[in-house]
Amino acid sequence: MFQLLRGFVLPAAACDGNRDGDSRYANLFRKLDLNEDGRKIFKAGDTNQDGQLDFEEFMQYLKEHEKKMKLAFKSLDKNNDGKIEASEVVQSLKILGINISEKQAEKILQSIDADGTMTVDWNEWRDHFMFNPATDIEEIIRYWKHSTVLDIGDSLTVPDEFTEEEKKTGQWWKQLLAGGVAGAVSRTGTAPLDRLKVMMQVHGSKSNKMNIASGFKQMLKEGGVRSLWRGNGVNVVKIAPETAIKFWAYEQYKKILTREDGKLGTVERFVSGSLAGATAQTSIYPMEVLKTRLAVGKTGQYSGMFDCAKKILKREGPKAFYKGYIPNILGIIPYAGIDLAVYELLKSTWLEHYASSSANPGVFVLLGCGTVSSTCGQLASYPLALIRTRMQAQASVEGAPQLNMVGLFQRIVATEGVRGLYRGIAPNFMKVLPAVSISYVVYEKMKQNLGIA
């Protein structure tokens with residue numbers, strides 16, 4: 001069958017002056033066609049949607065893909081000498097707002113360089129990316145990009161960034177949907193630890209030495225097993241509006257901060273992300289207050305989210321829905337900044353010391369880097385998170401003084417010491433690894449179901 005296809009297709013293609021290229025396609029097809037029936041399963045090039053890829057479709061797919069790869073190659077080859085060098089990789093990534101050292105660029109080239117010259121010519125580039133879906137330099141960079149879909153239950157991460165192609169094809173909303181579902185499942189799975197953290201932040205003190213074991217016993221005794229998930233409904237519901245607002249705001253701030261040359265540097269991206277996070281938090285902050293009040297509330301105190309909102313509004317007025325807002329907004333900068341900085345440091349270290357054959361670190365390294373970086377971000381912003389939670393809840397705690405951010409900070413340090421600013425951090429850290437793992441697995445499954453894997 002393959003011989004018959006080659007006899008008909010290749011002569012016609014050769015008339016177009018593509019004899020060498022078509023011969024290469026034929027050899028490649030023959031290597032892939034293990035059962036020699038002349039057809040392969042290959043979704044990307046299946047133009048007639050019959051679930052199979054014959055040789056003609058295969059050749060057409062490779063021709064189209066090569067054109068796109070050629071554009072990506074030329075965009076990196078700054079001096080037009082037909083070869084990509086480490087300095088050109090550094091220069092190209094810098095234009096896109098990503099700073100790497102020349103040594104790291106050499107590691108990237110090593111994964112593509114077949115002849116050991118430390119430069120990549122067109123043949124090496126084509127052979128390496130032949131079956132890679134990356135069709136332009138920005139998509140190729142996303143191969144090494146920090147993923148922000150790892151949900152640890154906090155809302156301080158920098159928004160996702162999508163390519164123009166993803167926006168045109170509608171893949172962006174599928175990825176946001178997949179991330180939202182992953183976040184909902186992840187938060188629900190780790191909700192007992194999240195509620196324990198809030199309880200320890202609000203009720204923990206020198207006199208009330210609540211630890212992980214006693215905290216769980218207290219919650220179970222007071223409200224049973226169901227009480228461990230109290231406040232989780234609001235925590236899940238706020239994912240959708242927060243994600244949508246954050247994504248929209250990020251795109252708007254990027255347009256405002258884009259330089260005259262049309263480029264957006266690392267600083268501008270970070271500022272855009274931080275401002276987008278602040279905008280989203282401002283919009284959904286009342287839900288943060290509701291989550292905290294429900295988490296620290298007693299059984300029967302509130303019948304649900306709306307009942308809680310009605311009672312707060314009646315007793316304390318609209319201002320109550322923005323208690324703790326300032327420390328919450330201030331916490332975005334140290335969290336996002338340190339999270340991204342630590343991630344980049346870990347990624348750079350891995351590329352320099354462990355990337356022997358490929359620049360792709362794999363799932364476990366990415367999960368490890370994401371877990372460590374988010375943990376460091378939390379460690380830096382945790383005192384602000386604790387003060388925010390206490391300010392949100394202090395009106396519902398009997399006999400608690402109604403202090404502002406500075407007053408509460410001074411009181412905690414004076415009565416409990418610096419350690420008091422980190423109450424509840426143990427269950428907070430305990431939930432990071434399972435939260436990251438659950439969100440990653442669910443995200444990948446959702447991507448498969450939505451056809452974007």
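Numbers run from 1 along the shown chain.
Note that Cβ sites are derived from N, Cα and C of the backbone, with glycine treated the same way.
Look at TrEMBL and you will find 33-63 (among others) tagged as domain 'EF-hand'.
Marked as domain 'EF-hand' by TrEMBL: 64-99 (among others).
The feature domain 'EF-hand' is assigned by TrEMBL to 100-135 (among others).
The repeat 'Solcar' annotation in TrEMBL covers 170-256 (among others).
Look at TrEMBL and you will find 264-349 (among others) tagged as repeat 'Solcar'. Residue counts for the repeat 'Solcar' (264-349) under DSSP, helix first, then strand, then coil, are 73 helix, 0 strand, 13 coil.
Taken from TrEMBL, the feature repeat 'Solcar' covers 361-449 (among others).
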For the repeat 'Solcar' (361-449), residues assigned helix / strand / coil by DSSP: 75 helix, 0 strand, 14 coil
Averaged pLDDT, computed only over the residues in the domain 'EF-hand' (64-99): 75
Counts by DSSP class (helix H/G/I, strand E/B, coil) across the domain 'EF-hand' (100-135): 16 helix, 2 strand, 18 coil
